[in-house]
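Below is one structure, written out as C-alpha cells; comments come after it.
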Amino acid sequence: MAELSEEALLSVLPTIRVPKAGDRVHKDECAFSFDTPESEGGLYICMNTFLGFGKQYVERHFNKTGQRVYLHLRRTRRPKEEDTSAGTGDPPRKKPTRLAIGVEGGFDLTEDKFEFDEDVKIVILPDYLEIARDGLGGLPDIVRDRVTSAVEALLSADSASRKQEVQAWDGEVRQVSKHAFNLKQLDNPARIPPCGWKCSKCDMRENLWLNLTDGSILCGRRYFDGSGGNNHAVEHYRETGYPLAVKLGTITPDGADVYSYDEDDMVLDPSLAEHLSHFGIDMLKMQKTDKTMTELEIDMNQRIGEWELIQESGVPLKPLFGPGYTGIRNLGNSCYLNSVVQVLFSIPDFQRKYVDKLEKIFQNAPTDPTQDFSTQVAKLGHGLLSGEYSKPALESGDGEQVPEQKEVQDGIAPRMFKALIGKGHPEFSTNRQQDAQEFFLHLINMVERNCRSSENPNEVFRFLVEEKIKCLATEKVKYTQRVDYIMQLPVPMDAALNKEELLEYEEKKRQAEEEKVPLPELVRAQVPFSSCLEAYGAPEQVDDFWSTALQAKSVAVKTTRFASFPDYLVIQIKKFTFGLDWVPKKLDVSIEMPEELDISQLRGTGLQPGEEELPDIAPPLVTPDEPKGSLGFYGNEDEDSFCSPHFSSPTSPMLDESVIIQLVEMGFPMDACRKAVYYTGNSGAEAAMNWVMSHMDDPDFANPLILPGSSGPGSTSAAADPPPEDCVTTIVSMGFSRDQALKALRATNNSLERAVDWIFSHIDDLDAEAAMDISEGRSAAESISESVPVGPKVRDGPGKYQLFAFISHMGTSTMCGHYVCHIKKEGRWVIYNDQKVCASEKPPKDLGYIYFYQRVVS
C-alpha cells in the first residue's frame, strides 16, 4: 500500500464525520460477511456511514457510494497471561455463579481467553493509500484534530451490535420483597450460633433456612431427584404464614439467598443485616459455607439426564469442519435461532434462493445493507455453507491451534440477522429464551413478506389442510381448506407402553414424599408414534355446532386430513401443554420417531359420493332467544358484568361465555378474553388459551374487540381507515388478489397477521365470490387476467418421507433451557450445539421437539 499524502487526506476531509450518540457504528462485523477485525484482512469502517466491510466487500461500498476514506481495524489475538492451576499448567476454568448468559458470573460461552494487539490505520480508496493512527503528527493542526477526533470517537463508540443487545439474559434478576421493610420479628428470639446448625425437625445439616420472623431453622424443599431437604421450612410457612427465610451458609457481607414463600420467589432484602442482627448474627463476619440456590440449579441443569442424552455428553464426539459444518455462537439464549437456521440452510430451496443468488442480492442491496432482509439472510447462508468460518479455533495469528479448544470453532455470530429478524417484535428483539417453533413460523412469515412474487423457498413446507365437519343430527358435511406449515402432533399419554412402570413410579414417588425419603429414579413415558398419528387423525367432537341444515345448534365431529403433502414435512411434538391449574408444563415423554414415514392414509378425499353438503348459509349472529343488548354469548340477561357498548348491536357474534369466564378467572383482561374466543371461532378453552399466550405481548392485547364494520370507542368504522399499502403488498405476494387482500385487512382492523389467518380460513368464501364475479357478467378470461388464482402455491406429491433433521429442547419450559439440532448430512448424523459441530454417535431421536422429514422420491 502507498503512503497517504497530506493532499489526499485533505481531499476527503469534508466526508469524515465524528459519530454522534444516535449513530450506529458497525465496527465488529462486515455488513456482507462475517469478517471481523480479527479476520486476515481486518475490517474497513467507512468514516462517513460507519458501516464495516471486509477486504472482499469494501470496494463494493466505494463503488456504490463514492465514499473513499475508511478506518482499517485489525486485531491479532494472543493468549492471556494467567495464573495456572497447581501442577497442571492449565489456567483455572471459571465456574458459573449466576444462572445467566452473557453477564458477569454467568455462563460465558465465548470466554475471553485472549488479549489483542490492535493495528489502526486510515485508508483512502481506490489506491489504498494509508497512514497509521500515530502518524498524524506532521499534518496541519486543523486536519490532525479533525481526523483524530473521528478516529478516537469511532474506537470508543459502542458498536451497533452492543447497542442492539437490549440486555443479557439473567435468570436470577431478583426483586425487593414486599415484606422487606415491614417484616414482623418476634420478641426475645433465640441467639443463632455462627455455625453447627441442624434442622429442628430432622437431622439434616445442609440446605437449612432461617425463618426471619421467629428464628426457626428448618430444611428446604425436596428436589425432583430426591435430593435437597424434607420440606420442613415450607411446611412451617404454611402453618405460621411467616414469609421470609434466609439460607444459612450463603450469608456473606455482600448478601445471601433470601426466599419469600408468600411471593414464591427468590427476593432481595435490603434490611437483611438488621433482620439478622435480631438473632445475633453479624452479617459482616459471616462466610459462605453452602451452595447458593443458583449454584444448585446450575449443577442440576448440567447433570440432568435429558441434557446429557440430547447433547450426547460423556461420549467423545469427532469435531467436523468445512462447508456445511459451521457452528453459530450463542449470543445470549439464541440457541433457538441457531438450531432453526442450521436446518433451513440444509434445505436446497433455501440454498438456491439466498446462497446461489448471493451476488445478485448483494448488488441490489440498499446503501445500508444491515437493514435489508435478503442481504442478511444471504450473508447468513453463505457464512454457514462456505466453510470460510468453519475452522478450528486458533491461538494466534501464526496459525497455532489452541490445544484445549481443538473441538471448538470460532463459527459465526449472526448479530445483524438477529437484530433485523427481531426488530419490532416484543419477544425476538430480546435476549430471552424463545420457543423454536414460534421462531420458525416467525421466520417463515418474514420470508413470505420479503419474497413478494419471486421464488419462495417456503413452498417446501406449505401444505393444505382439509377439515371435514359432519353434523351428527343430519349426517350432512362441510369441507374447508386452510394453509399450514407445521403438523402439530398430540401426545396421548394414555397410550404409553410402560403404564405399569409409570403407575409404580407414581406410587413410589407418593410414598417417598409421605415418608420424606429420596424419590425413586425417574421413569419416562414411552408413547408409540403410531398412537400420536392416530390421535391426530381421530374425529373430534364439536359441541354447540350451528347446523345450517337444522338452523339450530347441534353436535358435530371434525376430522383433519392433508389436502396436499409438502416436500418437507415439519412435525412438532406437542410436549408443552397446560396443567389443570393452567400452569405451562412439559411432558416428559419418549417417542421413537421412525426413520421412514408414510402418512398416505391421512390424505383427504374431499366430498364423497353419497355425502350431502350442509347448506352454505351464514349462521345468525345472535340466537333467537337472546335478550336484546347482550354480548351475543350463549347466556342470559343476568350476565350484566359482561355488557359492553361495543357489543350492543344485534349483529354481535355468538361467543362462548363459559370459555371467557374461564380465561377471566385466570387473570386475563376481559377484552383480551373476548378476542381470544372470537378469533379462535368458539373452538374451546385450549384454543383460546393458546391464542392468549401467543398474543400477550401485542400492543392492542387488552383493547376492546372491534368487529368489521363496527366503530371503536371514539373512532369511526375500521373500514374508514384504508389498509396500509405494505400490508396489501405482502398478502398479494402470497398469491391472493388485491381485492382479497383489502377485504381481509378490513375484516381484521388492518392487522396483517390476523388478515393472513382470516384469508386462509375464508378460502371457500373467496372462491364463491370469484365465481359470483363471473356470473354477474365478467367472462372467465377477464376474471383470470385481472386477478391472481385464489390461494397460495403449494406443492404436492406422495406422502412418503425420510427423517432428515430434528431440533431438541432441554429444560422444563420453552422460556428456559437449551436447544440443539441434529441433521443428517452425507449419510451420517451431525449434532449442531451452537459453536460445537460434531459427528453424532447416538442421536436421541426419541426426545426431539420439532422433526423435519424429506419426501422420498421413487
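One-based numbering along the chain as shown.
Backbone N, Cα and C atoms are what each Cβ position is placed from, and that goes for glycine too.
According to Swiss-Prot, the features are:
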REGION    73-98  region 'Disordered'
CROSSLNK  Lys113  SUMO cross-link
ZN_FING   175-283  zinc finger
BINDING   Trp209, Arg221, Arg222, Tyr223, Phe224, Tyr259, Tyr261, Asp264  substrate binding site
MOD_RES   Thr292  phosphothreonine
DOMAIN    326-856  domain 'USP'
ACT_SITE  Cys335  active site, nucleophile
MOD_RES   Thr623  phosphothreonine
DOMAIN    654-695  domain 'UBA 1'
DOMAIN    722-762  domain 'UBA 2'
ACT_SITE  His818  active site, proton acceptor
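Each of the binding-site residues Trp209, Tyr259, Tyr261 was ranked by the number of other C-beta atoms within 10 Å, and first place falls to Trp209. In terms of C-alpha distance, the listed recorded positions Thr292, Cys335, His818 place Thr292 closest to Arg221 (substrate binding site). Between the CA atoms of Tyr261 (substrate binding site) and His818 (active site, proton acceptor) there is a gap of 28 Å, rounded to the nearest whole number. A simple way to gauge crowding: the CB of Asp264 (substrate binding site) has 8 other CB atoms within 10 angstroms, across all the protein chains here.
Note on the residue listed as 'active site, nucleophile': other Cβ atoms within 10 Å of its Cβ, all shown chains, come to 27. For His818 (active site, proton acceptor), the count of additional Cβ atoms within 10 Å of its Cβ stands at 22 [all protein chains shown]. Cα separation, Tyr259 (substrate binding site) to the residue listed as 'active site, nucleophile', rounded: 30 Å. All chains included, 20 other C-beta atoms sit within 10 angstroms of the C-beta of Arg222 (substrate binding site).
Between the alpha carbons (Cα) of Thr292 (phosphothreonine) and Arg222 (substrate binding site) lies a span of roughly 15 Å.
Separation of the C-alpha atoms of the residue listed as 'active site, proton acceptor' and Trp209 (substrate binding site): 31 Å, rounded to the nearest whole number. Mapped onto DSSP helix, strand and coil, the domain 'UBA 1' (654-695) counts 30 helix, 1 strand, 11 coil.
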